[in-house]
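K.L.:
I'd like to ask some things about the structure below.
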């Protein structure tokens, strides 16, 4: 059996490229919960001050050592890394779109709403974003605003770069994926105590066999995405 291909280690290569083009504050953004049957769609945001990071004394390992795509980390490792990210980031946030909003807007527009909420949080703390790296093949922040979403494109960074598997290649996006995953998982564990039949503490709202069986037996809750094909009674 051939050895498994090692996962790439995220770097600051793209963030540094954007900084050299004049964008000092570069952010990474990633989503979690897109395919879940219940709970919010959540978007993490991590802003890096590339000027400050370049001017600091080099360290080995760097402060972001161990940061990876959240899917490559155990729950315990994600939980350990999450509080350290704020120490080297210029700003962090997680925005959420609730199940009712997903039903009303559709998932793409709901992700846009969650992303705008994350950007609004860091802006409220006085942190600007000059350029943004999105995980994915397209700029889902470009989804047209509907049903009262913020239509002011001035709230969006002037430069947005979409990159497939950015969460495996870019430190900022990998860090954002960790924050979004940890916060959403904690929320689903809390909601699972309110609705114990659906086992959200383990499946985090995704369509596990236990979750689907509970939908058949008990029906939906206010945390379910009713516009989705849930197979509920």
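In case you wondered, yes, glycine gets a Cβ from its N, Cα and C as well.
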K.L.:
Return the residue out of 135, 142, 185 that TrEMBL annotates for the same divalent metal cation site as 30, 31.
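P.N.:
Divalent metal cation site check in TrEMBL: besides 30, 31, the record includes 135 out of 135, 142, 185.
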K.L.:
Let me check the 10 A CB neighbour count of residue 30 (divalent metal cation binding site). How many other CB atoms are there?
P.N.:
29
K.L.:
Three states by DSSP: which one describes residue 30 (divalent metal cation binding site)?
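P.N.:
Assignment for residue 30 (divalent metal cation binding site) reads strand.
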K.L.:
For the binding-site residues 31, 135, which Cβ has the most other Cβ atoms within 10 Å, all shown protein chains included?
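P.N.:
When each Cβ's neighbours within 10 Å are tallied, 31 tops the list.
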K.L.:
DSSP on residue 135 (divalent metal cation binding site), three-state: which is it?
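P.N.:
Its secondary structure by DSSP: strand.
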